[in-house]
Amino acid sequence: MSAPPLPLLGQSLAALKDWAVEQGQPAYRGQQLHTWLYHKGIRSLQEVTVFPKAWREALQEYPVGRSQVVQRIESRDGTVKFLLQLADGELIETVGIPTARRLTVCVSSQVGCPMACNFCATGKMGYRRNLKLHEILDQVLTVQEDFGRRVSHVVFMGMGEPLLNRDTVVQAIRSLNQDIGIGQRHITLSTVGVPRQIPWLAQQDLQITLAVSLHAPNQELRQQLIPSAAHYPLDALIQDCRDYMLCSGRRISFEYTLLAGVNDLPIHARQLAHLLRQASQAGARLHVNLIPYNPIAEADYQRPHPTRVAEFVRLLEEHHVQVSVRQTRGLDSNAACGQLRGSFLRASPEPAPGRS
């Protein structure tokens, strides 16, 4: 028997049909496997009861590509955070965020993150490696399995910078759409901005939402918060965003984490409105998503008072900027990106398998 496409998770319907034929099976076995992989969420080929028993036994050593849940924490608002252990022992986080009408998954794209944003728990842990296709898809299947309902929305806002793993992330977006059945317009990719990558993304013919993490209205402050911003001037980033919106026809969401006394003053709101004016005047559609900070032990930043948040909103609206405030979920369960992994490693008496 020839080697299968490994891992199986991440393979397209056509590839699975071809593989089944290579194994001497009818092509419809590949269709069945596709259904069991992406819609039933199997963790072992032994679960595919529609396969002949002899073939199941021959396939028993073939890994599907699922990760192990090593920790699950549910917050009072129903948000569930998962710590997943990959085949090499690395640890990543994913979050399931339910509401009455939707189930959103916040997925990671890297183990750690090289961007080193100084208010972010993931940025404090350093960078280990890019995630593989099956490791991204597995996060969505894990949440579906746990909640017992279909995932409707996916946001690439977990650990890592998606555009530094761009090819695999775009593969994952297409698979989420074609294999799992999540509409591209229900998928959001968040980036702090990587030179030349937003223009590249604009050429990929996707219908996703792009969320750009600004976090500051001027270059000096942005470099203090996001060291990598030194290599991507704010004016150039905004220009690339404007071109992306005009090319794709899709609205961009500008993410802005409010840090008490750091970037939440009235002058910052006015600077932000002025910064975005150059994009909106060109006919581009944009939206600002304000995120009151979720404090972490590794950084000395605080959450702003609600009255400060309300004033920031008022000033942006006064300058005709569309704005909303994100409802922060999972505050009681270390739901900020990177917190669960960090606390788990600190509490572990020995390193996770595969780690030095």
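A Cβ is built for glycine as well, from the same backbone N, Cα and C atoms used for every other residue.
The active site, proton acceptor annotation in Swiss-Prot covers Glu93. Under the DSSP three-state reduction, Glu93 (active site, proton acceptor) is assigned to strand. Glu93 (active site, proton acceptor) has a Cβ environment of 27 other Cβ atoms inside 10 Å.
According to Swiss-Prot, the feature domain 'Radical SAM core' maps to 99-332, an assignment based on sequence analysis.
Positions annotated as disulfide bond by Swiss-Prot, on the basis of sequence analysis: Cys106-Cys337. Neighbours of Cys106 (disulfide bond), defined as other CB atoms within 10 A of its CB across all chains, total 26.
Under the three-state DSSP scheme, Cys120 ([4Fe-4S] cluster binding site) falls in the coil class. The Cβ of Cys120 ([4Fe-4S] cluster binding site) has 26 neighbouring Cβ atoms from other residues within 10 Å, across all protein chains displayed. Taken from Swiss-Prot, the feature [4Fe-4S] cluster binding site applies to Cys113, Cys117, Cys120.
Marked as S-adenosyl-L-methionine binding site by Swiss-Prot: Gly160, Glu161, Ser190, Ser213, Leu214, His215, Asn294. In sequence order, Ser190, Thr191, Val192, Gly193, Ile226, Glu255, Tyr256, Thr257 make up the list of same-chain residues 6 or more apart from Ser213 (S-adenosyl-L-methionine binding site) whose Cβ falls under 8 Å from its Cβ.
Annotation source Swiss-Prot lists active site, S-methylcysteine intermediate at Cys337.
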From recorded positions Cys106, Gly160, Glu161, His215, the one whose Cα lies nearest Cys113 ([4Fe-4S] cluster binding site): Gly160
Cβ packing number for Leu214 (S-adenosyl-L-methionine binding site), 10 Å threshold: 26
Candidate with the highest Cβ count within 10 Å, taken from the binding-site residues Cys113, Cys117: Cys113
When distances run from the Cα of Cys106 (disulfide bond) to each of the recorded positions Glu93, Cys117, Gly160, Leu214, His215, the nearest one: Glu93
Intrachain C-beta neighbours of His215 (S-adenosyl-L-methionine binding site), sequence separation six or more, cut-off 8 angstroms: Cys117, Phe119, Val192, Arg222, Leu225, Ile226, Glu255, Tyr256, Thr257, Asn263
